[in-house]
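Report on the structure given below.
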Amino acid sequence: MVIRNKLPTNDPSNDPSNGPFEGQACTVDQEPGRATWKRQIEFTLAGIGCAVGLGNIWRFPYLCYRSGGGAFLVPYLLMLLVMGIPLLYMELILGQYMRRGPVHALAKACPLLKGVGLATVAISFIMCTYYNIIITWGLYYLFSSFQSPLPWQSCNNTWNTPNCTDRINPNTSSHSSTASQQTAGVEESGVLRWELFLLLLLAWILLYFCIFKGIKSTGKVVYFTALFPYVILLALLINNVQLPGAMEGIRFFIVPNWEKLLELEVWVNAAAQIFNSIGIGFGSLMAMSSYNNFNNNILKDTLAISITNSLTSILAGFVIFSAFGYMSHLQNIPVSELAVDGPGLVFVVYPQAFATMPVAPLWAILFFFMLLCLGLDSQFAMVEVMVTSLMDEFGGPLMKFLRHKEMLVLAVCSTAFLLGIPHVMQVGIYVFQLMDHYTAIVSLMFLAFFEVLAICGLYGVRRLSANLKEMTGNRPNIFFKVCWMFVAPLLITIILVFTIIQFKPARYEDYVYPPWAQGIGWVIAMASIIWIPLGALHTLWVLPGSFTEVLNLVKRFWIGWGGIQIFILSYCPSLIPGLTVLPA
């Protein structure tokens, strides 16, 4: 169906070459009935909560540790400046201007790549099904911390592995009470772990009551969940710096190993960390910005979210590395020789550091409660993407059937809960690692590449600038335009190519997944990526004109955009201004 939508005559971006490849600059229906944030600070806090998550606590310090300590900060801060801030600004502008979630916003901006919007919703929903498992583990540790001594201080537990020792040494001991009751591999499902099942249910109940009223309830909750973690981080830092050996860990964190800057992997990891941490490509912040007031100054929110996110990572680095220094002092080995590997930082290494601190249960409770707040904030955003997209597309029919939006949120949460049950079986850690590898690493890079192509390339920097001027009265400065047109697309292309070249099959510690499990992993990855080509095929299928004309249009698109403009004017006059073609 073709929907006619009159374009603003005073918008300089309205040229007769607008088409299915480049999108249309259109007058946006501002939806008087669409909910908006009660106070703008609520969106800012929600955005900070979305960006600041568990990755700031474990992934950033881990990458610093692996990449030469302070040397990693150089490419990290550079990538924040030239990629993180500009791309977040791009997403927020589009979401606020279009007043829609990622599906409809990208469909309006670039009909040919409207599948990118669907893909962002798919990847956010897939991730929310297993991201809540991390919150479940955090709840398990939180409740286990209400005892003295802490249960992982000794090996007198049924879940300890045979190589456990009472000496604090992550090389030879295993205190991970959530993952250690595991099967030998993904081939064996094992039994359902009822304690984790109930905690998973509790995690989804907590999440539901935080977001069931939409931004009205989320806006109130974020005042606590977004701010309280900083109180705990500061308390942990004050405690840690007083421990023996702490300064050695901090010195490792801030003193660069300059030789590491010669390694391409360090630069790629810095860019990927900025990308993953801020959440570009997930559609979460785009969905939340669609509830902003139309004339909101989005640059202030962009700077607040991105800079706070990076400062939190650096603060967490001081907290974690001071603990590393303390552990190296206890073991009498250099900080560089500690065994540190990814999420084990949060659930194995750091809990062991608590075990020998004064008032150990108190610090453990504070730490895992902080993880709960950080996890819930990020989970709010991922679930909100799905709810917003369903309301944008099927709001009328859904409300006739469910009557209340709260029931839709309940349906989304219940479905994600059921899909998360395999993670709380004894095989769960293998399922979690498989999904995380093929979703957070493989799928996200493809989505990010096509999102930048759709918005910066096909929709165009000129139109994006015109949208910003219509909302705020000011166009973006030359710095943002250069980043959108050249720097960000180049960097994301390099990251994507490097990800493909350096791709390694999923594994968990020394366990290598069998080929059939790797195949399932690629199915999981394709569950989001597949929407991009499907959306493009649908756009071309319903495009006005004969099959031959459509093929010629595609051919001319790859030859150059000028050819498209001539072809559209010559053969497809229905695509001239005054028509908005191919809504999602």
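Each Cβ is built from the backbone N, Cα and C atoms, and glycine gets one as well.
TrEMBL has this to say about the protein:
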type     : residues                                    : note
BINDING  : G49                                         : Na(+) 2 binding site
BINDING  : A51, V52, N56, S277, N309, L374, D377, S378 : Na(+) 1 binding site
COMPBIAS : 7-17                                        : compositional bias 'Polar residues'
DISULFID : C155-C164                                   : disulfide bond
REGION   : 1-23                                        : region 'Disordered'
TRANSMEM : 43-61                                       : transmembrane segment
TRANSMEM : 73-94                                       : transmembrane segment
TRANSMEM : 115-143                                     : transmembrane segment
TRANSMEM : 191-209                                     : transmembrane segment
TRANSMEM : 221-238                                     : transmembrane segment
TRANSMEM : 266-291                                     : transmembrane segment
TRANSMEM : 303-327                                     : transmembrane segment
TRANSMEM : 347-376                                     : transmembrane segment
TRANSMEM : 408-432                                     : transmembrane segment
TRANSMEM : 482-501                                     : transmembrane segment
TRANSMEM : 521-545                                     : transmembrane segment
TRANSMEM : 557-576                                     : transmembrane segment
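Only residues 6 or more beyond the boundaries of the transmembrane segment (266-291), in the same chain, are considered here, and those with a CB under 8 A from a CB of the stretch are 34-37, 43, 46-47, 50-53, 55-56, 59-60, 63, 66-68, 71-72, 75-76, 78-80, 83-84, 87-88, 91-92, 94-96, 98-102, 105, 117, 120-121, 123-124, 127, 215, 260, 298, 301, 305-306, 309-310, 313, 378, 381-382, 384-385, 388-389, 440, 444-445, 447-448, 451, 491-492, 494-495, 498-499. At the 8 Å Cβ cutoff, the transmembrane segment (115-143) and the transmembrane segment (521-545) share at least 3 close pairs (sequence separation 6 or more) and count as touching. Long-range contacts of the transmembrane segment (221-238) within the same chain: residues 42, 45-46, 48-49, 52, 210-211, 312, 315-316, 318-319, 322, 363, 366-367, 369-370, 373-374, 376-377, 380, each at least 6 residues beyond the stretch ends and with a Cβ under 8 Å from a Cβ of the stretch. Two recorded stretches are said to be in contact when at least 3 C-beta pairs lie under 8 angstroms, sequence spacing 6 or more; the transmembrane segment (303-327) and the transmembrane segment (521-545) fall short of this definition. The transmembrane segment (73-94) and the transmembrane segment (408-432) are not in contact, since fewer than 3 Cβ pairs between them lie under 8 Å (pairs 6 or more apart in sequence). Same-chain neighbours of the Na(+) 1 site beyond A51, V52, N56, S277, N309, L374, D377, S378, judged by a C-beta within 8 angstroms of the site's C-beta center, are, in sequence order, I48, G49, C50, G53, L54, G55, G279, T312. For the transmembrane segment (191-209), the most Cβ-contacting stretch among 43-61, 347-376, 408-432, 482-501 is 408-432 (pairs under 8 Å). Cβ-based neighbour count (10 Å, all protein chains) for N56 (Na(+) 1 binding site) stands at 25. In this structure, the C-alpha atom of D377 (Na(+) 1 binding site) lies 5 angstrom from that of the residue listed as 'Na(+) 2 binding site'. Within 10 Å of the C-beta of S378 (Na(+) 1 binding site) there are 25 other C-beta atoms, taking all protein chains into account. A 10 Å cutoff on Cβ-Cβ distances gives A51 (Na(+) 1 binding site) a total of 27 other Cβ atoms nearby, all chains included. Long-range C-beta contacts of L374 (Na(+) 1 binding site), restricted to its own chain and to partners at least six residues apart, with a cutoff below 8 Å, comprise G49, V52, G53, L54, N56, I57, T225, P229.
Neighbour list (S277 (Na(+) 1 binding site), Cβ cut-off 8 Å, at least 6 residues apart, same chain): A51, V52, G53, G55, N56, R59, F60, N309, S310, S313.
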